[in-house]
Structures are given as structure tokens and as C-alpha cells.
Amino acid sequence: MAAQRVFPLSCVVQQYAWGKMGSNSEVARLLASSDPLAQISEDRPYAELWMGTHPRGDAKILDNRISQKTLGQWIADNQDSLGSKVKDTFNGKLPFLFKVLSVETALSIQAHPNKELAEKLHLQAPQHYPDANHKPEMAIALTPFQGLCGFRPVEEIVTFLTKVPEFQFLIGDNAAAQLKQSLSQDSEAVTSALRSCFSHLMKSEKKVVVEQLNLLVKRISQQVAAGNNMEDICGELLLQLHQQYPGDIGCFAIYFLNLLTLKPGEAMFLEANVPHAYLKGDCVECMACSDNTVRAGLTPKFIDVPTLCEMLSYTPSPSQDRLFPPARSPEDPYLSIYDPPVPDFTVMKVEVPGSVTEYKVLALDSASILLVVQGTVTASSPTAQAAIPLKRGGVLFIGANESVSLKLTVPKDLLMFRACCLL
């Protein structure tokens, strides 16, 4: 009899302090829906759901006929289930980590090193850089999702330098003048000027940052109290971040970085060396399996300023250029594919109207993980010994080259996301 290669998973929840509290969190709601025994504490944060084999959150297999207890153990014993190319390319390991995030307070402004730099940093400082892999990542909004991503067009930064004297003070007159001059120069001059400005900010003395930030917060608060709109200098966002991280250098980074609000289904892709921060909302996220982060602010953690200023990609672009649109599948009218320019992962979104009663999940030459966000189905496959019921929050592992038939058991629209590796 064929070994079972399709089975449900119980996934690990991370309760980081920045997560949404209790049942306000999409992570908690997915957990409560999929596990009738789950008890949600309204006074605890539910930040991330991890779907994968990462040692800090290896998914448990919900099928007692399978001897291995976790997905990581099972894949180690069944490497062919990864798909032949994936197995060879990624040394018999699942190359991606799939997540749901529920963000209440801002995550640190950060960037992830490319493969070459990751290897170097890991050798030099393994306590800060725990592995030698790169960490490209993609976020797809489930609810309106706010984030900072990549450097703004220089014109916008120059406008902020004029309108926010506290920002100009920290950058310094020379670096600010260099940035203004670069507007009429080539891209190399822009990159150099932007690096100089950002480095000046990041290397500012803590005492001076706190003084200037307090001046700015006081000024914005007084204007808001007088009924004035301060959106031209991102007043509301600055006050929000200052309340969350008082005196933090990262509060000024909003004048360098694009502010994006993704609508549900919209995505942003964060390649190596792009500065970014998630601010608020719920999303599905997929990334290469790595834990390397170089932080720049909005954090009490270690900030490696020299590495950060050296590694960043100082390429300004308008915020709409940071959006990563999916492609519609030519074979399947219900399928959208988010396929970023890295080999480690691809995410598929499946939206099936409630009027449809059956849906076939295509076989791929890659292991994949399927998450049900809305809807109720029963899954069956040639190797599964019995039908597998899945409702909102349910997670299914699908081995390479396995097809799965889904029966929609409730006439409601079905929304699912599937992470895989298309080489």
C-alpha cells in the first residue's frame, strides 16, 4: 500500500509582544476555528502561525498512523516527497517557511542580507546571525496591511527635509544639500547621497535623537490639538510609532521609506537588502527558511549600524512599484500565482465560489503546504486512507506529485493559500 503523502498539520503559534491580542488576532481566530480544544487568552498576543519545519516551530502531524511526530522528521525520512529538483537543490530540506502574521504594534525596521553576506555575517557573529542563508520574503494582505518598504523617491525625502526641521537637523546640512543636488544628477550620485543621509541619521547620538524627536512630537501634538491636519509630514504615524517606541531612531525612518497600505490580496516582495517594517494588519507571509535580520530601529534589540548602512539597497522608487501583482493561472480560473524572482518559494491563492461543489488541487513537482482561510472542505487523495475534513484555519501538507480533490461541504466561498517551490 502506498505511503501516506497527504496529511493535516497542527502548527506552532508564536506569541511575540507585537502581535494582536486574543480574538482580535487572525492567527488566534484561525487557531480557534481549526482546533476545538484551543483556548484563546484575550490578554495574550497571537503574533505568528508557523507552517513548516523550522526547528523553532516544526509542525506536528495530525495522523496517528504516521510514525513520525513532526513534519521535519517526516521529510527527513521521506525526502522524495519534496520533489526531485527541490530535494537536490535544497539538500533534502523544505526550503520555505509559511506564516500568518497578526501585527498590532510595529515590527523593527530591518533588512535581510543576501546569501554571500549572510555567510560572512554568520561566520563573524553567529550570536546575531544564526544561519548562513538569505531571507527573501513576501507578504500578502488578509486585511488592510500597513508597512514601510524601500526608499522613497528622492523628491519626497527632500520635501520632508524642508518641512521637518528636526529631521534635517539629524541629517546635517551638508548631507541634505548633497541629496538636493543629486536630483539633477545620475543614479550613482543619488545612491551615494541617499547612503550619506541615511548613515548620518543612523549614526546620530542617542541623546540628540531623543531631543529632536521630543521637539517634533510636541509640535505635531500641538498642531493636532488645534485641529490641524499633519498628514503632509505623516503626523499620525509618527505619534503612533513614538508611543510604541519612545525616543527610537526608527521614528525618523518614516521620512526615508515608502508607506504602503496593501488591500486584501495585494502583496509586497522584499528582496535582500531592502529596508522594511510591518506596521499593522494581518497577512500571509512566505520566506526562505532563515532567521537572519539586520535591524535599523523600532526595536530594543541589537542594531548593527555599520553592517546595515553598508548593505542596504539605496534605490529610490515610488510606493506603487513595491507592489507585487500575482499572475492568473491559464489552466485554473480560481488560481492566482505570486511567483517572486527567487527559487525558494512561490505562493498560490485559490478563490473558489460557494456555488462550486468540487475543486481539484493540482499536483506539483514540489512539496506544498495548504492553508484554508475561509470555507469548509473535505480533502481526499489517492494515498490518504480516509477523507480529511478541513475548515477555516486547517493546514494540509501535500507531497510532491500528489493531487488532492476537495469537496466544498458548505456553500460558502473558499479562500486558500498554498506555499510551494517551483524550480
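Backbone N, Cα and C atoms are what each Cβ position is placed from, and that goes for glycine too.
Here Swiss-Prot flags R295 as active site, drawing on similarity to another entry. The DSSP secondary structure for R295 (active site) is strand.
Secondary structure at H112 (Zn(2+) binding site), as computed by DSSP, is coil. Per Swiss-Prot, Zn(2+) binding site is recorded for Q110, H112, E137, H276, and the stated evidence type is similarity to another entry.
Per Swiss-Prot, the feature N-acetylalanine maps to A2.
Close to S102 (phosphoserine) in the fold, though at least 6 residues off in sequence, lie G19, K20, N24, S25, E26, V27, A28, Y46, A47, E48, D282, each with a CB less than 8 Å from its CB. Among the features that Swiss-Prot reports, phosphoserine is placed at S102 (among others).
Marked as phosphoserine by Swiss-Prot: S108 (among others). Its Cβ placed at the centre, S108 (phosphoserine) has 21 other Cβ atoms within 10 Å.
Residue with the densest Cβ environment among the recorded positions H112, H276, R295: H112, by other Cβ atoms within 10 Å. Over all protein chains present, the Cβ of Q110 (Zn(2+) binding site) has 24 other Cβ atoms lying within 10 Å. The Zn(2+) site is set by Q110, H112, E137, H276; from the centre of their CB atoms, other residues of the chain with a CB within 8 Å are A111, K135, L270, V274, P275, T293. The number of other CB atoms found within 10 A of the CB of E137 (Zn(2+) binding site), across every protein chain shown, is 24.
When the Cα atoms are compared, Q110 (Zn(2+) binding site) and R295 (active site) turn out to be 4 Å apart.
Calculated from their C-alpha atoms, the gap between S108 (phosphoserine) and E137 (Zn(2+) binding site) amounts to 15 Å.
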